[in-house]
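Novice: Mind looking over this structure? Questions follow.
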């Protein structure tokens with residue numbers, strides 16, 4: 001009997017969650033069905049058991065896949081794999097803008113944890129599967145701009161948590177279930193649909209943001225009795241319903257003749273009210289300031305539901321295109337989803353303000369943990385510093401090589417690498433340069449960044465590229481090793497090297513490793529690993545941008561692949577440079593001596 005109970009428990013645990021193998025197989029099947037090229041999703045390896053390290057994939061702490069975001073990847077007219085139904089822990093599935101053909105598989109109804117489904121801007125055909133009605137946790141459903149046909153399934157009326165349904169620009173026909181008009185945000189335009197009910201009518205501007213079906217029916221009945229009564233009752237119900245729903249305005253899309261509504265859907269991005277963030281931050285009190293950078297101040301906030309957030313109040317935000325341009329760029333940032341990137345959860349815009357809302361990071365930033373911890377707090381140990389270096393590198397690699405268009409950070413430093421409750425590195429402040437650079441081209445001509453972290457070419461030309469991020473990352477590695485600031489004038493008391501980079505280079509040449517490493521580590525580190533991190537940092541901070549490695553190569557070197565060869569090349573080049581510098585120095589000294597020895601009359605020339 002005991003054996004039977006144990007067996008039952010084992011089987012129940014197996015069925016309660018999906019194994020990493022099965023998750024990986026399902027995702028790889030999706031990659032194949034989408035017809036991804038060898039260059040696309042190249043790290044989705046069928047032989048790799050754990051898909052949680054794959055790009056565009058996010059997992060929870062139990063290694064369950066919770067998010068897959070593949071937006072505008074330009075796949076080659078693939079289809080949706082029915083095997084995706086295995087991913088029962090999936091909460092977010094975004095596949096918009098990929099030219100996907102065929103129908104939506106029935107198995108998608110097995111994704112019982114799904115809260116957001118975005119298949120916008122593809123070539124999907126056939127009917128909307130009725131199995132979508134099984135997704136009881138679904139809040140956001142976006143199927144806009146496809147070729148879907150047939151009627152809207154009645155099963156969607158059972159989705160009680162749905163707050164956003166966008167079905168516009170398809171070939172749908174028939175009646176729209178009346179209960180869907182109670183959803184806060186909907187768009188059924190550019191279809192062959194009618195509003196349904198006892199009195200069919202097209203979905204036009206008569207659809208009211210604040211009325212309901214019963215009030216409309218009452219108005220019609222009253223109209224039979226008397227035309228005057230219709231007007232009176234109409235006014236009565238209008239003001240009654242307006243007052244009743246004053247606290248919650250529904251966002252409704254309707255057809256307007258000769259005009260297209262340009263408002264943008266943001267999936268899970270939340271649009272906050274200014275007053276809500278003002279209250280959350282205690283009127284943007286200085287005591288709640290977490291930090292200040294080139295893009296504005298960051299405030300700690302507490303929402304009314306108890307959620308802790310970080311609110312970034314942008315400066316210099318005005319740019320051509322106004323609110324819509326800002327929103328489009330905010331959406332671009334929100335699409336960059338990776339475990340080592342700070343997730344944007346919402347935004348706020350007013351005539352004079354632009355604010356971004358992020359989750360609050362429990363352990364603040366790398367800079368804080370290195371230099372600002374309180375007495376008695378644990379020191380950031382060497383193992384965590386290694387993990388932070390690798391995590392930040394992976395986040396930047398994703399921005400440079402997996403985002404379309406790619407995102408250049410422009411201010412990589414220890415203060416912009418945040419740490420969650422598990423001390424996992426989360427790169428913040430990415431994508432903000434485009435939001436705040438006033439009337440600039442795609443190549444930023446205004447120097448953005450922090451002294452000591454800015455690459456030489458950025459100072460001389462004002463232009464940024466992926467390689468300026470690599471330089472900033474290299475300086476951050478030196479901060480992790482030394483615990484020191486990138487620029488520190490107190491060093492002038494003992495030496496001429498104000499910049500951390502020059503200071504470390506000098507000590508490295510003199511083989512004084514013990515003087516480089518952070519004294520707080522108390523010699524509790526592995527010497528070879530410290531040397532490796534310093535080598536990667538110096539390769540990243542070479543003066544010529546073309547000689548710096550790409551972030552993908554940095555990741556490989558930190559994982560122990562290819563560093564020895566690259567370091568040997570750098571050392572040989574450095575020897576040549578030193579010899580050339582000494583030769584020029586001797587020539588300069590000789591010339592200076594010659595001038596000093598000349599007669600003053602010769603120097604002044606003829607009179």
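In case you wondered, yes, glycine gets a Cβ from its N, Cα and C as well.
Sharing the feature lines straight out of Swiss-Prot:
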ACT_SITE  411  active site, proton acceptor
BINDING   290, 291, 292, 293, 294, 295, 296, 297, 298, 312  ATP binding site
DOMAIN    284-568  domain 'Protein kinase'
MOD_RES   281  phosphothreonine
MOD_RES   307  phosphothreonine
MOD_RES   365  phosphoserine
MOD_RES   444  phosphothreonine
MOD_RES   445  phosphothreonine
MOD_RES   450  phosphothreonine
MOD_RES   460  phosphoserine
MOD_RES   461  phosphothreonine
MOD_RES   465  phosphoserine
MOD_RES   541  phosphothreonine
REPEAT    87-111  repeat 'LRR 1'
TOPO_DOM  241-607  topological domain 'Cytoplasmic'
TRANSMEM  220-240  transmembrane segment
Novice: Report, as a single number, how many Cβ atoms besides its own are within 10 Å of the Cβ of residue 292 (ATP binding site).
Specialist: 12
Novice: Taking only the Cα atoms, work out how far residue 460 (phosphoserine) lies from residue 411 (active site, proton acceptor), in Å, as a whole number.
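Specialist: Residue 460 (phosphoserine) and residue 411 (active site, proton acceptor) have their Cα atoms 16 Å apart.
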Novice: By a 10 A CB contact count over all chains shown, which of the modified residues listed here is most packed: 307, 460, 541?
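Specialist: Highest number of other Cβ atoms within 10 Å: 541.
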Novice: Could you break down the residues of the repeat 'LRR 1' (87-111) into DSSP helix, strand and coil, giving a count for each?
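Specialist: With helix first, then strand, then coil, the repeat 'LRR 1' (87-111) has 5 helix, 4 strand, 16 coil.
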Novice: Measuring Cα to Cα, tell me the gap between residue 298 (ATP binding site) and residue 281 (phosphothreonine) in whole angstrom.
Specialist: 10
Novice: Measuring Cα to Cα, how many angstrom lie between residue 281 (phosphothreonine) and the residue listed as 'active site, proton acceptor'?
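Specialist: The Cα atom of residue 281 (phosphothreonine) is 25 Å away from the Cα atom of the residue listed as 'active site, proton acceptor'.
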Novice: Among the modified residues 365, 461, whose Cβ has the fewest other Cβ atoms within 10 Å?
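Specialist: Checked 365, 461; of these modified residues, fewest Cβ neighbours within 10 Å: 461.
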Novice: Helix, strand or coil by DSSP: which one applies to residue 281 (phosphothreonine)?
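Specialist: In the DSSP reduction, residue 281 (phosphothreonine) maps to coil.
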Novice: Which recorded positions from the set 290, 292, 307, 411, 541 come within 10 angstroms of residue 450 (phosphothreonine), judged by C-alpha positions?
Specialist: 411
Novice: Going by C-alpha distance, which of the recorded positions 292, 296, 541 is nearest to residue 465 (phosphoserine)?
Specialist: 541
Novice: To the nearest whole angstrom, what is the C-alpha distance linking residue 292 (ATP binding site) and residue 365 (phosphoserine)?
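Specialist: Cα-Cα, rounded: 12 Å.
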